[in-house]
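According to TrEMBL, the features are:
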type: COMPBIAS; residues: 940-953; note: compositional bias 'Basic and acidic residues'
type: COMPBIAS; residues: 964-973; note: compositional bias 'Basic and acidic residues'
type: DOMAIN; residues: 56-321; note: domain 'Anoctamin dimerisation'
type: DOMAIN; residues: 324-920; note: domain 'Anoctamin transmembrane'
type: REGION; residues: 940-973; note: region 'Disordered'
type: TRANSMEM; residues: 332-359; note: transmembrane segment
type: TRANSMEM; residues: 412-428; note: transmembrane segment
type: TRANSMEM; residues: 516-538; note: transmembrane segment
type: TRANSMEM; residues: 558-582; note: transmembrane segment
type: TRANSMEM; residues: 602-623; note: transmembrane segment
type: TRANSMEM; residues: 727-750; note: transmembrane segment
type: TRANSMEM; residues: 784-802; note: transmembrane segment
């Protein structure tokens, strides 16, 4: 009965003269699908005129709290007979759940009334079509909803071709019951004033708030900010504590839809259904036409969000986070609160980054190494950059690259790296305080995530395991899956029963191994694409050097760097989509038990793959390019004719900056903005075109659509994972390689200003309204942010030490320079090479490209000259610089992390005023309950004294009567 009840088994009924045999067959798992749900959302003001109906049942009194949709096909011949058969099958199933007795009674009734052919052993009334099976499953599910107390109303004659709607209304008793089960905190009648302590900090904060008053959205709430309702977990026994004068608005639309969704989840866990049997593709919700629910006098919640939030003209204003929470729920409101705080924190980071960049621009003419490179009398001859086709070149031709590198490679970048590490720590602490304040304002201080319902996929895997175990333990010759009920009073039925198991580590081991192998394979694909782009750069550089066009040869470096960065960007965008699908597939293989576990595992896999995909090309340029080149006369080759690429004289920092800027800007403009708003609009258009291709006449289509019919064409809500993911990757761009690109915070700030309004517009106008989910934090994303911030300290230390020339400059200035200045630094970093030592076939073809024969050329490295006793060996200067670089990494990492920990320790996680208010609420709550109990005692005493007096008046002569006193009752507070 349990298996049938869960919908995992299909029933085929065969009626015989002496028994009723039910053959149970396991429904294939591939057909089971969890329904996605979506809320009916309010439209933009322009659309509200066309969809004012559909918010209530036909009686005009009961509010529509939820709408389920399913596919509807036109009835065909013989449908009525099949429908009656389905109803009979429905009754059989209910009889089976009640027990064998009811089943035998129903079998006798059906044998006499339905004309059962007992000779054949079955009635011929099995499922004749898949559509009838869908209808049967739908009726079963609807019956379970009615049993849970919900009220339903069907509407299949709609203007949306092929779609039927099931309206759901939750009565007051159901709302109260579920609110108590979900432990929802609701405002009580008790109201108290939030007093300010009058400290200097709060006075300054109040003054700043008054100054920033024009930046706040024009959302006028009825309740003053310094007045707050005392909240308590809802209880039907203590209903007198709550203000139930207006029951229609006590539970707002978000709460009502969440309650219905919780009932659907519980019902869904009892009866799974096929995607074709019951397609719960859309779930709709909307506030009523009255303004009492939205608590505003003129405009409703959605209109205010559209005007004061989802509007590009208010980009300079704060977000109405309270209104977002009221309409979309705490989980989505926390995302936008986090995004808003992150954007605010980018303002000081952007200002400091711009100052660092301007400092580089202002000091570029005073930079001694750049001046030495660009000096016209500098006639240092450099070794060829490639074999044969490349010739000797003058160092002065790298003047532009050297000057551009100084914009990002200067002493200020070290300070900026330290600043950004502390900025990340400040951001984390500030968000914890902001999150705690929101928890207090939203009555989530005592909220704990309850254990989620097991996912249907998990339950099915457990069922399969139990079924296999039962098959192994059953005796030979036993017919599996047959229940035989014999209609004899003293006979017992043979039941198929076994104990449900759990998925152990051994059961999941194949899925875990598949996950590890596929993750490594995908990371290998990323490395392969990076190697492919490397090979493209090497081959393209050699081909451009062979060009007969002098303009082409003079812009080889710029052409190769830019095109390679663009190719990297395209590959990253394509692989991002592939990796997202692969991560979901791998998570499905693991069969997590709950939705929360599924989401966390999916997030972790997606982050790993997308992080490696986005940062692999950047990490290669920063730490590997130019490190394994070799030297003239002994180069390392990718193939027989292409040697490993090396950095220009200015270092790889400039190329790192180009790659970082193109990848960051490209992802933000193309992936985050164009795809984010373009794809939902395209899908909405396609869905509308498909609906117009139906058989509905044009004049019918022109009629006024109801609210849920209009929202049917919107894109379903796919979760917050894509929104968080793009911001986390951006956070990596801002913090990980900020030493090479100080303008990254500025570009992130400009993007986020648009991103907030873009996401807001998408949520309000392009997506179906999601279910209002409760949450007290951003979950696993906070741990990922902390991890990225910690890794950023290490990466920036290595970028400063090994990618930039900061350490070689410091070593030269304080150890090798006789004057203590940077004069002679360029010559100090260049080694000598005798051109007669070139490998055969690698010397330049044009030996007289500079107009004279070259005997000695220079290359950037710390090596012994060819006339020394150990020619071309690493010099002691190399080991000195390497030791200082490693020492700097260790010191930088520990100092910055220590400073971050100090910031973490100095800033409390909970603001002082919030901790005081929480303590005050606890005291007020205790006082409230004490007064309540004291009132009960007084009422009981008055009733007892009245009864005692009446008894004395009526039976004063009865000496055996015991006087009633309050002390006789066990009354405790």
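Just so it is clear, glycine is given a Cβ too, placed from its N, Cα and C backbone atoms.
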Contacting positions for the transmembrane segment (784-802) when only residues 6+ beyond its ends and CB under 8 Å are counted | 413-414, 417, 420-421, 424-425, 428, 603, 607, 622-623, 653, 656, 728, 731-732, 735-740, 885-886, 888-889, 892-893, 896-897, 900
Cβ contacts under 8 Å made by the transmembrane segment (727-750) with residues that lie 6+ beyond its boundaries | 339, 342-343, 346-347, 349-350, 352-354, 356-357, 408-409, 413-414, 416-417, 420-421, 424, 607, 610-611, 614-615, 618, 622, 653, 656-657, 660-661, 663-665, 667-668, 781, 784-785, 788-789, 791-792, 795-796, 799-800, 803-804
Average model confidence [pLDDT] within the domain 'Anoctamin dimerisation' (56-321) = 67
Might you confirm whether the transmembrane segment (412-428) is in contact with the transmembrane segment (602-623), defined here as three or more C-beta pairs under 8 A between residues 6 or more apart in sequence?
-> no
State the non-local partners of the transmembrane segment (558-582) in its own chain: residues 6+ outside its ends, Cβ under 8 Å from one of its Cβ atoms.
-> 518, 522, 525-526, 529-530, 533, 536-537, 540-541, 544, 552, 606, 609-610, 613-614, 617, 655, 658-659, 662-663, 666-667, 670-671
Which sequence positions outside the transmembrane segment (332-359), separated from its termini by at least 6 residues, show Cβ-Cβ distances below 8 Å to it?
-> 318-319, 321-322, 324-325, 407-408, 410, 412-413, 415-416, 419-420, 423, 426-427, 430-431, 434-435, 438, 442, 720, 723-724, 727, 731, 734, 738, 742-746, 748-749, 752-753, 755-756, 759-760, 763, 770, 772-773, 775, 777-778
Take the transmembrane segment (412-428) and find every residue of the same chain, 6 or more past its ends, with a Cβ under 8 Å from one of its Cβ atoms.
-> 341-342, 345, 348-349, 352-353, 355-356, 359-360, 734-735, 738-740, 742, 745, 782, 785-786, 789, 792-793, 796-797, 799-800, 804, 806, 892, 896-897, 899-901, 903-904, 907
